[in-house]
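Accompanying notes for the structure given below.
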Amino acid sequence: MATRIWDITQRLGKRTPLWPGEPDLVVQRNVQLGPDCPVNIGQVTAPLHAGTHADAPLHYSNEGVDSAGSSLEPYIGPCVVVDMRHAGERVEVEDCDWEALEGAARVLFRTYATFPHDAWDENFKAIAPEVIERLRVGRTVLIGVDTPSLDPQSSKTMDAHHEVLAGDMRILEGLVLDDVPPGEYELIALPLPLEGADASPVRAILRELAR
Ligand SMILES: N[C@@H](CC(=O)c1ccccc1NC=O)C(=O)O
Ligand SMILES: [Zn+2]
Ligand SMILES: [Zn+2]
């Protein structure tokens, strides 16, 4: 029997909510299929952090690798999805069930009851750097969130991102976890090998762990 797949990726298009000030996401048609041309050919122009994406370390450190330079291991393998809808402005250490998180290689935080597909949410929940630090010492290699950033929209210091940097961990942002019960899954969410990019779109999915 086929194992169930959850698609945890935002649709990308002109209505995808973007970080304030980012340029529009545009898919345009450059060549039109017709009597003289056998194909349609287009191109996409998009902010690298649009929708569901993987930050590269280059995003928060000039010495960090770009999306082409990151190994794939963090982005594929067992993960734990945890429900943090009860958290306040920030997911704090005391909000977390550390029994469930201890030793988890990949942790995905759900903060939304319903993902805000139709409008930008400037008050999204952030992750406290202390939570990232505790995961780092617990050998977590990837942290995912259903929000646009680990840090608050107003952050100028990006403390959570720098805690990730300290452990050379990896980040997924903009996940859609509405339909995913808390528990253990296989994560697959591979960034594109985009040279010079500080982030990359990903098609993120979860699969039931093989029994
Ligand atoms: N997804 C991004 C959001 C982000 O940092 C950002 C994106 C566009 C413009 C400014 C941003 N951050 C700080 O000003 C992040 O990695 O947190
Ligand atoms: Zn990002
Ligand atoms: Zn980020």
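Using the three backbone atoms N, Cα and C, a Cβ is placed for every residue, glycine included.
Marked as active site, proton donor/acceptor by TrEMBL: His59. For Trp19, the entry in TrEMBL reads substrate binding site. The Zn(2+) 1 binding site annotation in TrEMBL covers His49, His53, Asp55, Glu173. Annotation source TrEMBL lists Zn(2+) 2 binding site at Asp55, His161, Glu173.
This view paints the features noted in TrEMBL onto the structure.
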residue	record	CB count, 10 Å
Trp19	substrate binding site	13
His49	Zn(2+) 1 binding site	21
His53	Zn(2+) 1 binding site	30
Asp55	Zn(2+) 1 binding site	25
His59	active site, proton donor/acceptor	20
His161	Zn(2+) 2 binding site	23
Glu173	Zn(2+) 1 binding site	21
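Among the binding-site residues Trp19, His49, Asp55, His161, Glu173, residues whose Cβ is positioned under 6 Å from ligand 2 are identified as His49, Asp55, Glu173. Taking the mean position of the Cβ atoms of His49, His53, Asp55, Glu173 as the Zn(2+) 1 site, the remaining same-chain residues with a Cβ inside 8 Å of that point are Leu48, Ala54, His59, Pro148, Ser149, Ile171, Leu172, Gly174, Ala199. Rounded to a whole number, the distance between the Cα atoms of His59 (active site, proton donor/acceptor) and His161 (Zn(2+) 2 binding site) is 9 Å. Apart from Asp55, His161, Glu173, the Zn(2+) 2 site neighbourhood in this chain, defined by C-beta within 8 angstroms of the site C-beta centre, holds His49, His59, Tyr60, Ser149, Leu150, Val164, Ile171, Ala199. Cα to Cα, the residue listed as 'active site, proton donor/acceptor' and His49 (Zn(2+) 1 binding site) are separated by 10 Å. Proximity to ligand 3 (Cβ under 6 Å from any of its atoms) holds for none of the binding-site residues Trp19, His49, His53. Annotation note: Trp19 (substrate binding site) sits in a coil segment as assigned by DSSP. Rounded to a whole number, the distance between the Cα atoms of the residue listed as 'substrate binding site' and Asp55 (Zn(2+) 1 binding site) is 14 Å. DSSP assigns His53 (Zn(2+) 1 binding site) to a strand segment in the three-state reduction.
Residue pair Glu173 (Zn(2+) 1 binding site) / the residue listed as 'substrate binding site' shows a Cα separation of 12 Å. The CA atom of His49 (Zn(2+) 1 binding site) is located 8 Å away from the CA atom of the residue listed as 'substrate binding site'.
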